[in-house]
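Participant: Per TrEMBL, the feature transmembrane segment maps to 16-37, 68-91, 103-126.
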Amino acid sequence: MPRLSSLEELRPSPRLICVLVLVSYFFVTAGIAYDIINEPPAVGGQTDPVTGAVKPMTFMPYRLNGQFILEGLSGGFFYTLGGVGIILLDLSRDKNQSVLFRNVYLALGLAITILSYLVCMVFIRIKMPGYMR
């Protein structure tokens, strides 16, 4: 068994640490602990009063402390996507990159961050109709 000359050989790469932090951030914001403890259904259902058919519901309306599984996963995805956009905005400030890459990072970071914000606001309006109007 070879001996390690130093702890430098055991150090994980910064990219691996960033990926692990983003994955754990996704799990936390998606509410995986809530899903494991409370075991909610993946989607809900609402009966149509006219036809009597059951229509699927992705969001649990009027309940901020409850969620369906797909609701949590989609919310966590867009929170994480916003975090990736902010990381791209930070990468656009790197002076060692070419101007083209900096502009691409800036445009992509702005687009992703704004998209994530707008989708999260749509989710809040679906979850709580009439909130902040």
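Glycine residues also receive a Cβ, built from the backbone N, Cα and C atoms like all the rest.
Help me picture these features in the structure, burial and contacts included.
Facilitator: Sequence-distant contacts of the transmembrane segment (68-91) (same chain, at least 6 residues past either end, Cβ-Cβ under 8 Å): 18, 22, 25-32, 34-35, 40-44, 57-60, 97, 105-106, 108-117, 119-120, 123, 127.
Among residues of the same chain six or more beyond the transmembrane segment (103-126), those with a C-beta under 8 A of the stretch's C-beta atoms are 59, 61, 71, 74-75, 78-79, 81-82, 84-92, 97, 132.
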